[in-house]
2 protein chains.
Amino acid sequence: MSQIMAKREKISKRILVIGGDGIGPEVTRWGKRVLETVAEKYGHAFVFDEGLMGHAAIEATGNPLPDDTLEKAKRSDAILFGAIGHPKYDQDPHLKVRPEQGLLRIRKELGLYANLRPIKLFDELLAASSIKPEVLKGADILFFRELTGDVYFGEKKKADDGSWASDLMIYHAYEVERIARKAFEAARLRRKKLCSVDKANVLESSRLWRAVVQQVAADYPDVQCTHMFVDNAAMQLIRDPLQFDVILTANLFGDILTDEASQIAGSMGMLASASVGDGTGLYEPIHGSAPDIAGKGLANPLASILSAALMLQIGFQMQEEADAVLRAVEQVLKKGYRTVDIADKHTENSMIVGTDGMGQQVIQQLANS
Amino acid sequence: MSQIMAKREKISKRILVIGGDGIGPEVTRWGKRVLETVAEKYGHAFVFDEGLMGHAAIEATGNPLPDDTLEKAKRSDAILFGAIGHPKYDQDPHLKVRPEQGLLRIRKELGLYANLRPIKLFDELLAASSIKPEVLKGADILFFRELTGDVYFGEKKKADDGSWASDLMIYHAYEVERIARKAFEAARLRRKKLCSVDKANVLESSRLWRAVVQQVAADYPDVQCTHMFVDNAAMQLIRDPLQFDVILTANLFGDILTDEASQIAGSMGMLASASVGDGTGLYEPIHGSAPDIAGKGLANPLASILSAALMLQIGFQMQEEADAVLRAVEQVLKKGYRTVDIADKHTENSMIVGTDGMGQQVIQQLANS
Ligand SMILES: [Mg+2]
Ligand SMILES: [Mg+2]
């Protein structure tokens with residue numbers, strides 16, 4: 001192995017680790033360990049910083065995104081993030097300083113306009129979904145959800161007398177183009193199929209979306225580009241998920257479809273996501289801070305480990321290294337190891353592991369592969 | 001039976017039948033036959049009119065909704081509608097006079113602001129869905145989708161230079177209130193649970209929606225009212241559909257969620273819908289005109305028959321009669337009769353029937369029940 005590796009270029013990267021709140025720090029620790037193991041195995045130099053964000057940052061500094069964290073973020077090549085959120089804020093909706101503000105601000109400061117969410121099912125976990133295994137087996141979808149435009153950020157108005165309220169659904173051509181290019185580039189490295197989801201039969205903003213995607217598609221003649229209405233897509237995702245490779249869609253539609261698709265995957269505990277723009281990207285599990293199990297050593301670290309793999313693949317173009325992490329996770333699942341959230345009635349008691357047990361298995365598998 | 005029936009009031013109703021295009025007329029014929037059978041059996045007087053709409057109406061009169069049809073609609077108590085649409089218009093998107101205009105206009109003229117879609121699974125067809133039978137069994141959801149407001153009808157704008165485009169997502173309090181009242185009334189007659197779906201954590205129009213629903217809920221203290229974000233709802237629908245009774249939602253969200261839910265039911269060929277306002281309501285299958293099988297006698301008439309049942313239940317408050325139709329359909333399915341669209345590998349060839357075969361079975365079962 002060392003001989004093969006010796007031929008490869010040694011790459012240096014600076015990575016900011018933000019554990020955040022709840023189970024965030026305990027799972028992110030294993031995502032980081034995986035990156036360290038990859039660096040050692042492949043001879044890369046990964047330098048790590050640590051930063052605070054969310055409730056933990058509010059407690060320490062009064063600010064959900066301290067300047068120190070933001071500065072470190074800007075000089076990093078990528079960010080490995082855990083989760084933020086604390087029950088205290090749910091109980092008091094009027095608190096002005098809130099953990100989520102940290103995440104919204106870092107997205108804005110770094111210009112993270114594209115949210116990527118891979119939905120890939122490990123054969124061993126097929127049974128966990130409410131969808132039939134024969135419908136799901138082999139599903140491998142990569143969502144590109146636009147993250148900074150749409151009706152979520154358009155002008156909001158309401159009548160003083162409460163008789164009406166409105167939100168402006170608006171897209172600029174440049175917003176559609178930049179994420180479309182990223183999605184076509186990704187499709188090129190996959191199965192070369194891109195499905196753009198809109199509601200162009202009814203919405204003007206969707207007609208613009210479709211026109212821009214069609215223009216960009218002309219630059220990628222090797223990628224098969226199709227268009228689908230969002231209501232049909234919501235149905236097709238559960239009817240026949242294997243038809244999809246890359247799905248490109250707007251902020252609102254993507255919010256709905258990615259959550260629907262997470263159920264296809266059976267468990268939120270297995271899904272990673274990336275928020276990227278033209279600079280530093282942020283990689284994180286889609287699960288939340290899960291305060292009810294925080295500190296108990298029960299949380300599933302695989303979504304953080306898969307977030308690290310996504311960073312290797314998308315952020316650093318290290319496909320081989322990313323594949324090695326995926327294979328390690330697959331092997332550990334094949335051996336039968338499960339955290340409680342992905343265990344089922346067929347799981348033997350002796351194979352149920354905690355956060356650290358699962359993390360160690362993956363590291364071992366990865367180091368010895 | 002006649003003695004029991006004799007005690008009940010004889011009710012007179014005028015029903016307009018619009019077969020429309022493609023398979024519309026052949027399936028609607030059986031919806032009408034079911035209504036005739038019910039009238040005979042229960043001693044009601046149903047008087048039927050016929051009207052043209054869609055492509056058939058354009059061919060005959062140049063108008064997708066001829067005045068004659070509209071006048072008949074206005075003096076009817078309910079409309080049984082089939083489907084509209086013809087491939088000719090798909091091939092030429094520039095044709096100015098189009099079949100769908102007929103449906104849009106009749107909805108507008110009759111003020112049909114609420115679209116009702118029941119998702120109820122017949123045990124015999126559980127296997128047809130891509131969702132696991134154990135997740136689905138017993139699912140019984142009634143959607144109320146707002147039909148005349150939202151981003152579909154708000155102001156549309158676009159830049160002359162193509163640099164941006166927008167649609168206004170807007171709701172007026174009165175639009176939310178009138179459909180909310182209908183949904184709460186329906187929930188009262190069911191399992192007394194109503195889930196209102198919105199995106200109030202991000203959208204101003206959703207916050208208005210939620211506030212109005214909460215006000216209306218105060219008038220229905222016997223109905224348990226909950227609120228759910230649309231992305232979560234898209235996931236929960238496939239994770240655990242049994243948690244839902246009545247789902248109330250806006251036009252766009254309802255468009256997406258009802259199509260997703262139709263996949264829960266396995267086949268579009270089994271689903272009915274109602275569009276209602278404060279006067280005459282329109283009852284129709286959710287399937288389209290299916291030109292590829294039109295005239296072949298293969299189309300499944302059950303969605304039209306179930307649309308007739310929905311008319312009895314919602315339009316005429318004839319719960320007993322509606323239940324009799326549902327039971328008849330259930331019995332025919334239990335005996336093993338299937339049209340091709342709902343047949344599977346376990347269906348014996350001898351039990352596969354056409355449109356008329358299936359229609360006759362239901363009529364016979366209903367008449368003899
Ligand atoms: Mg979401
Ligand atoms: Mg739809």
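In case you wondered, yes, glycine gets a Cβ from its N, Cα and C as well.
Under the heading Mg(2+) binding site, TrEMBL lists B:D231, B:D255, B:D259. Of all the Cβ atoms in the protein chains shown, 22 others lie within 10 Å of the Cβ of B:D255 (Mg(2+) binding site).
In the three-state DSSP scheme, B:A294 (NAD(+) binding site) falls into the coil class. The Cβ of B:A294 (NAD(+) binding site) has 18 other Cβ atoms within 10 Å, all protein chains considered. The NAD(+) binding site annotation in TrEMBL covers B:G288, B:S289, B:A290, B:P291, B:D292, B:I293, B:A294, B:G295, B:K296, B:G297, B:L298, B:A299, B:N300.
Annotation comment: TrEMBL describes B:14-362 as domain 'Isopropylmalate dehydrogenase-like'.
Marked as site 'Important for catalysis' by TrEMBL: B:Y152 (among others). DSSP assigns B:Y152 (site 'Important for catalysis') to a helix in the three-state reduction.
Taken from TrEMBL, the feature site 'Important for catalysis' covers B:K199 (among others). A 10 Å cutoff on Cβ-Cβ distances gives B:K199 (site 'Important for catalysis') a total of 27 other Cβ atoms nearby, all chains included.
Here the recorded positions are B:Y152, B:D255, B:A290, B:D292, B:A294, B:N300, and the ones sitting under 8 angstroms from chain A, going by CB atoms, are B:Y152, B:D255. Listed binding-site residues near B:K199 (site 'Important for catalysis'): none (candidates B:G288, B:A290, B:D292, B:K296, B:N300; Cα-Cα distance within 10 Å). Each residue contributes its Cα atom, and for B:D255 (Mg(2+) binding site) and B:Y152 (site 'Important for catalysis') those atoms are 11 Å apart. Model confidence over the domain 'Isopropylmalate dehydrogenase-like' (B:14-362) is summarised by a mean pLDDT of 94. Cβ environment of B:L298 (NAD(+) binding site): B:T339, B:V340, B:G354, B:T355 lie under 8 Å away, each six or more residues apart in the same chain.
Fewest other C-beta atoms within 10 angstroms, among the binding-site residues B:D231, B:D259, B:D292, are seen around B:D292. Taken residue by residue with DSSP, B:D259 (Mg(2+) binding site) is part of a helix. With a CB cut-off of under 6 A applied against ligand 2, none of the recorded positions B:Y152, B:G288, B:A290, B:D292, B:A294, B:K296 are retained. The Cα atom of B:D292 (NAD(+) binding site) lies nearest to that of B:D259, taking the recorded positions B:Y152, B:D231, B:D259 as the candidates.
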